[in-house]
Every structure is written in C-alpha cells, then in structure tokens.
Amino acid sequence: MEASLTARDRVGIQDFVLLDPYTSETAFLENLKKRFHENLIYTYIGTLLVSVNPYKDFDIYSKKQMDIYMGVNFFELPPHIYALADNVFRTMLSEFNNHFILISGESGAGKTEASKKILQFYAVSCPSTKLLNNVRDRLLLSNPVLEAFGNAKTLKNDNSSRFGKYMDIQFDHQGGAVGGHVLSYLLEKSRVVHQNHGERNFHIFYQLVEGGEEDLLRWLGLERNCQHYRYLVQGDCAKVSSINDKSDWRTVRKALSVIEFSENDIEQLFGIIASVLHLGNIKFEANERGYASLNNNNQEMNWVSKLLGIPTQVLQQGLTHRKIEAKAEEVFSPFSVDHAVYARDALAKAIYGRTFNWLVNKINESLVNKDSSRKTVIGLLDIYGFEVFNVNSFEQFCINYCNEKLQQLFIQLTLKSEQEEYEMEGIEWESVPFFNNKIICDLVEEKHRGIISLLDEECLRPGEATDLTFLEKMEEKIAGHPHFVTHKLADQKTRKTLDRGDFRLLHYAGEVTYCVVGFLDKNNDLLYRNGKEVMRQSKNAIIKLCFPSTEPDSKRRPETVVTQFKSSLVGLTEILMSKEPWYVRCIKPNEAKQPGRFDDVLVRHQVKYLGLMEHLRVRRAGFAYRRKYEIFLQRYKALCPDTWPNWKGTAAEGVHCLVKHMGYTPDEYKMGRTKIFIRHPKTLFATEDAFQVCKHRLATRIQAKYKGYRVKGDYLRQREAATKIETCWRGMLARKERDKRSWAVKVIQKFIKGFMTRNQAVSVDNIEYLAYVRQNYLTRLKDNLPKTVLEKDSWLTSPPIMQEAAQLLKKLYIRLMVRKYVRGITPQRKAQLLLKAQTSSMFKGKKESYPSSVGRPFMDTRIGAEDISIKVLQMIRHEQIKYSVPVVKYDRNGFRPRFRQLILTKEAAYLVEETKIKQRMDYISLKGVSVSNLSDNFLILHVTCDDMKQKGDLVLQSDYLFEALTKLSLIANKQNSIKVVQGSVRFDIQPGREGFVDFKSGQESMVYRAKNGHLMVESTKTKSR
C-alpha cells in the first residue's frame, strides 16, 4: 500500500484511513471519484473494502490475478476483493476460528457479483481433490440456481436479489472446502403475482418459457410466449436485452444435475413452476348470486390439477369457497370474485414461497459435510441494501429495518475490534463519538410500543382493521418520537411533503417515507385453511413436503411476516456475533448503469446510509496507520544509516532508532507491543516521500556497482570460454581426420582380401566382400524382375554364392505373380475358366479340334428365350432351362440333315423343331455320348431304347460342340459318359436295328451317305498348337 502513496495526487489514496481531512464527506467523495475515473474500483477503509460498480468488464479477475493475491500481505498489493478473500482465508487457517464477510449495498451496486468473485477465488485457491472439487462445483453452481428462483429484474437492477442470503462455507484443517449451508431471508413472494411497470417476475419463469425443451413445454402445457401468462406481463417487459433466458436455462439445468437433483425432482419442480403460471391464468366470473365461479374454459384448471396431482373438483372448491368451522360443524362459504382472486394469488405465493424453501433445503442436503470433526467456517452475507423509492411499501420497511440492525451490529463489531487491537498492543483507548441507531431499532422492534408490535396487534385484532387504522394507532402510540412523523403529526411545512396515508422514519441513512397501503395484507400473507388442505391432497412429492399433513393446523393465526422476519434477524445476529467480521460495501455510481459516470448526489447518499463515514471516524479515532515492526523496518530502513543495510538488533529497537533519526515527535506515534502506530497521515506521507528520494539515490549507486561487476564478470567468462572452445575445436578436428583415414585404410584392405578369396569358404577375410556381392546382386535384381509369368526365364544371372538363394527367390517370385494373377480374376472369368478346365479334362489330347476351341469363350446359352417357341416354353415351363444350342440333326434312316434346337433343362434334354418337341431324353436314360477324335463337330447321344415305339440314338452336328458337351456333362452329371472314339461309331436306330457313323480325315470337310449305307463324316486335319 505504501508504494502507491507516490501516485496519490493522480489516483487518490487507496486506504481512506490515510485521508487527511477524514471528517470531510466531500474529500471522501473526491478520493472515491478520482479512483473511479482511473478504473480503480476498490478502496480500503482499514480492512473494510469499498467497491464501486464500474458497469463494464475489467481484466482483473483472471486466474493470474488470483495467483498474484494468494498468500500475500493484505496491504502489500492494491485493494482487491481477492485480497480481502485471501486475508479472511489465511486468518481463519492460522487462528482456527470462524469468520463472515458482510456484503451490502443497494440494488445494482454489485453485491451478487462480489459474492460470486469470492466463491470463485476460494474454488481456485483451496486444495483440490476429487471430493473437494465435487463440493466446490456444488457451491459455485448453487448460485445460478438460487439466482434463477430468487432474483428478478427491477427498475434499478436487471439481476436484483429479492431475498437475503447467508452462505456458510465449511473448511477442514488444511483449508479444503468440505461443505456449506445456505440461509434465506424474506423472499419477496408478492412479486409472483404482481410486478411494477418496468419489472419482471422471478427469472425462472421466463427461462422455462423461453429456454425449455419442446417436449418439456408440451408436458407442462406451456406455450413459448410469455405474453400468454398474466403473472409474467404486468411489468410490460418480459424480454430484456441484457438477459439471455435461453442461455441461463441451460446453466440452471446443468447446475441442478451437478447439485444432485434427480430427474424426478427436476420434473416435479418445473411442474410446480408451470402450475403457478396456469394458476395465474384462471379467471373468475360472478354468478347470478354474485359469488365467484369459474368460466366455461377450465383448461388452465385442468393443467393445474394434472401438474399438482389434485382432483379438479377439490381444486375448484378450494379456489371458490372458504371453509368455516362453527363448533362441530364445517361450512363452506362461497367467495366473491375479489376474494377468489385474493385466494388464488395467496395460493400461488404460498406454493412458490414454500417451493423456494424446499429448494434451499435441497441445496443444503447436497452441501452437507458428513465428517463430524471440527470445521472452520467463512460466511457470506449477501443481503438487500437500504432502499428508498418514490413509493416505499412493506418490503422496503422490512429491508430498511434489517439494515438498521446490521448497521448497529457493524458499529458494535468495528468498535470492538479497534478496542481489542489497542488493548492488545498496550495503547490507551480513546472513546469515539458516533451516531448510535439503537433509538431507531427500538422504535421499530420495541415490545408493545414498537411499529412491529403495533402492526401485529392491528393484524390480529377482531373487527375491521385497515391500513389507516394501523396508521392511527401509530400516531396514538408513537407521537412525539423524534424519528417518526405522519401527515397528522407534522408541522405545516413538512405536511406538504406527506400524503394522509404516509408515515416517515428518520433512519441512520436519512429520511424514508412509507405508504401504509398494503401493510396489513402483506404482513398477514394469509392462506385460507382449506387452501392448505387442498395442497395436502397433491400427488406431487415436493408439494407434499411443502404442505405436510403433520403441519399444525390450529385455529390460531400463524405468525405474521414481520414477526418471522424479526425472529430470523435475531438468529442471524447471533450467528454473526459468533464470528469475526469482514465487510464489503458496494456502491452504485449512477442510476443509468453507464460506465465512467459518477453521480455525486447518488454516491453521497449511499456513503451516508452505508455508514462509511462512521466507520472511518472509528478507524481514525486514534491512529491512522499501524504496521508490524518487521514490515515497517524492512521498507524504511534505508532512511537511517544505522539501520541500513542490515539491522542487528530486534525489529522494535530498529524502528525506534529509525523514527528518532526521522525526527518524529512523541505525539505523532506510539510504540505498541508488535506494531508502530502513526497518528497523522501527513507523517506517513513525509516518510514515504523521503523513502522515494532515497530509493532513487540508492538505486543509482547499486546499478552502477552492479553493472561494473556484471561487465567485468562477463568479460572474464567470455575470455575463458573462448580459449576452451578453441582448444577443444582444434583437438576435435585432428581426431576426426585421423579416424577418417584409419577407417578408409581398413575398408580398402578388407575389399581387396575379399575379392581375392571370393571363391573360397566364408571366412573373416571375405565375409564383408561377400555381403557386398549379395547386396549388389539383390539391388540389381530388384530393378530387373520379370514383369509377367511368361517372362519367368528372363532371370538375372546370379554370382556363384547366390545361386541357391536366386533359385528360391525365383520360385517365390513366380508364385507371387501367379497368386496376383489368380486374385485378379473376376467371378465371371473364374466360372469361364472352370468350364474350360472341365472341357480340358475331357478332350485335351484326345480330339484334334480341341486346341482351336480353347480361345473361344463359352456362353450361358446360344439361343435366347425370345427365339424359343412360346408353345414349347409353356410345355416345359415346370422345368428350368439351363442351356440351349442350335444343332443339325441327321435322320436315322436316310441321314437327311434337319435344323433343330437342343434345349437342356434341369431334368432332361429336348430336341425341338420350331413349335414341336421332337424328342425328350431324360438324363437317366442317357447312356452316353460319343464323339470322334478328329476335327469334326459331330456327337451321338446314346439313349436307352427298350420299346419299339421309342426313338433311338441321336446323331447331331453342332458348331459349339465343346461348349454343348461341357454344359451337358455338368447339368446331367455325365462327365464319365462322354467317349472319344476312333474310326466309326455304332448307334441304335430302334430296338434290333443299328447304324454306323464313320469318321476319316480328308482334304475338305464333307458329310455324305457311303455306299455301305453308313454316314461318312470327312474332316480336314488341323495343325496342333
């Protein structure tokens, strides 16, 4: 902190305690404004942190900034919220006691953001394990959930907390965050059913409608349009440019999962939120008797019934009738329309308020620390600041009462801590004059005479109690109090500023005028008894917990809202009194939320009601500056020759010697047990200015000495290094040259010996040469390998030592080429080759014309289905045609040639003449097939012929002889029945008669009947390939 004093004229003083005219509010504001315009938003008052909302982003919250402030003395670095958080954390660990940080300020001043920054700092700075990270994530993600359900847009702030929140963070002895607990105060339930112009309902409603998944909205009966819901449009600003409801919805859904909300919990929770929206859309009409009844459209009622699991009739009666118990009888009295609307809104507020309490309890269950060992705690109190609006109602009264109590506690704890420090250091304590706001607290909370007691009396008394009768009672009981005035009690001048239904309180922060309209109604916050009974019939698990059947249902009226709030404040005060206090005071620089704009009037008002001047007066009552002896001596020892550069004695003696040399007078300082106390800031400023002058002089001398030392040292090191490098380099070059020559000699010798003994057995002399020969041969072979299987004889001649290996390589390579060829064959090509292989097995080397047929591919058939008579196809339709081929059939008796079709089916062979089947041959009756060994294309089909009526063997001629016979052999499975014969073939004309076909070679191909009656087939002789 002391280092920044030199720039105090430009950026102001970073600790108000050092402000010389500390009683001047103008000087206070001027310092705050100066720092604000230099983008310095944090300033100390001792250990209290003042934070001014800049309304823009600064790069001062990064992980790097957190690391800078971790473990550093509080005043060593510029003011920052991380410095306060770190100091609290380290103090808690060292003293093993509990602390709390009170964050206060008006709506929009940045309280919620300050709370987030502290939580984020602890998330990064605390020890990390899987379990601790789990707790850390839940602590961090509880914030967006509570903000969604408890924050709303107001005229002053787009993310205003509409409830008070106190969060305990529990730490183990090593500083790990192991648990937490949240307390909530005074949720503004009236916002559920009514919003002022320019304001919104709680964020969660808009997040659900805008960001909810289509299936979820369909299940909840909601439409993606906020304008359709009465509870969301009263403020006429459902959409706000600075709020992204869809993105916030995703954040809330993720947070609920991390905090261990089950899918069933989430489903039922959003069912309740949707039911509140549907409830707000229920409308009432007056029937002929003037009582409330539901209009014909009961769709909204049905949705509420479905989502809450309450029978429609029960829900309808609960909204239109009131249950009255008279002695032993129960009577249901119908509501008027106004009463029905009140009952509906009261039910909506009760459902939401109790659901919010359930949500807080659920979060606490997930944060609970199961380890029973003692833990230390840091509490974060983020609570509404002092509020002054154009029209101030019951909520502002409660909030400002809370601030009065906290201000009272604040002054008490500040005075206490100051007094304890003085006593601990052995310095006489001087009493401090300050405004004691006990008189205001008593005015509000005193029994029987305070405003709270009078309000409760008026709410509970029988008869027609109204807001105005409450005002009259206050005028009767509190008249003459210096901090209370009404229109009736005021003087003529003041009366002009008050309406007849107003009363004014003079708070510690200034005057606030309250309008009594709605005080009784909001304080009662009544939910009719049968409304609770209706809710107890719900099948929604959360509603069952919120409206338990075990809840006492006495005929006595429940505690009023203000009494409950007063009790919770007493509990909060007890919690805070048991812990060490730290403070963050948040200030809003302007109402328009504009960066760089500083509204003096607005800030002056906040400085007043935040009690900053009172706090400063307490801190400056005695001494403005105090530091431990060690720190003070370490910084300023250069100002005294006796303490520079090193002091041999104790730190206290060194400081005493130093201040004597500086000429401090006895009234300017006091020596405590561990600290020096300096009364006036000007004394410290003079010391710091002297130190800055001395520092520059010392720095110049130290620089000169150090530079000379560095230059001389560098020169000596460079000279020594250069000598060493030269020596090493020369030696390395010489060794390199020697090794190179030696290697060359050995290589040449080995090569010559190897060449000379190359044909001898492998030995030490020729092993490397032979290896070279092998390598050289393999390298040449790689570039001269045969390209196809047909070039297998063009293999590179090998040296003697490689002959055996060359043969093996040749075989392997040929097998590789063959394998590549085989793998490259298509399925169609493979089928063709299989047929050719079958033909080869039957005719290769047996029939002269076979070699010429090898190159001709086989076809699936030689006659298309369109070329076969339809009549024939119908006759053989039950059989599958496998193959068909045109043939010439020779008559058995005259050997007259006739053109026919040979059709092979799955079961038989058919000889067809145009539209007639001339002969059918079952494959079973096919005894064999005969062909000659010459180059003709004749085949004789031998069939079994037992009957005279049966036709005999067939003599056929086909241009596709080999194809037809191969197909026939495969279809009929007659591979072994095909015979290749020489000379002549005998065939049966009919039983008992036979004929012959003679085969011979000639000059030309001829077919004729010989003189001996045989069929003569003469064919030319083909050249063998």
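From the backbone N, Cα and C atoms, a Cβ is placed for every residue, glycine too.
Annotated features in TrEMBL:
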BINDING   Gly105, Glu106, Ser107, Gly108, Ala109, Gly110, Lys111, Thr112  ATP binding site
DOMAIN    12-692  domain 'Myosin motor'
DOMAIN    847-1021  domain 'TH1'
REGION    569-591  region 'Actin-binding'
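Taking a C-beta cut-off of under 8 angstroms and a sequence separation of 6 or more, Lys111 (ATP binding site) has the following same-chain neighbours: Ile103, Ser104, Gly105, Ser161, Asp382, Ile383, Gly385, Val584, Cys586. Listed in sequence order, the residues of the same chain lying 6 or more apart from Gly110 (ATP binding site) and placing their CB within less than 8 Å of its CB are Ser51, Asn53, Cys586, Lys588.
A 10 Å cutoff on Cβ-Cβ distances gives Ser107 (ATP binding site) a total of 21 other Cβ atoms nearby, all chains included. For the ATP site, the Cβ centre of Gly105, Glu106, Ser107, Gly108, Ala109, Gly110, Lys111, Thr112 serves as reference, and the other residues of the chain with Cβ at most 8 Å from it are Asn53, Asn157, Ser160, Gly385, Cys586, Lys588. Mean pLDDT, taken over the domain 'TH1' (847-1021), works out to 88 on the 0 to 100 scale.
Taking Cβ-Cβ distances under 8 Å and a sequence separation of 6 or more, the neighbours of Ala109 (ATP binding site) in its chain are Ser51, Asn53, Gly385, Cys586, Ile587, Lys588, Gln606.
Of the listed binding-site residues, namely Gly105, Gly108, the sparsest Cβ surroundings within 10 Å are found at Gly108. Sequence-distant neighbours of Glu106 (ATP binding site) (same chain, six or more apart, CB under 8 Å from its CB) are Lys156, Gly385, Phe386, Glu387, Cys586, Lys588, Gln606, listed in sequence order. In sequence order, Glu147, Asn151, Asn159, Ser161, Asp382 constitute the residues six or more apart from Thr112 (ATP binding site) in its chain with CB-CB distances below 8 Å.
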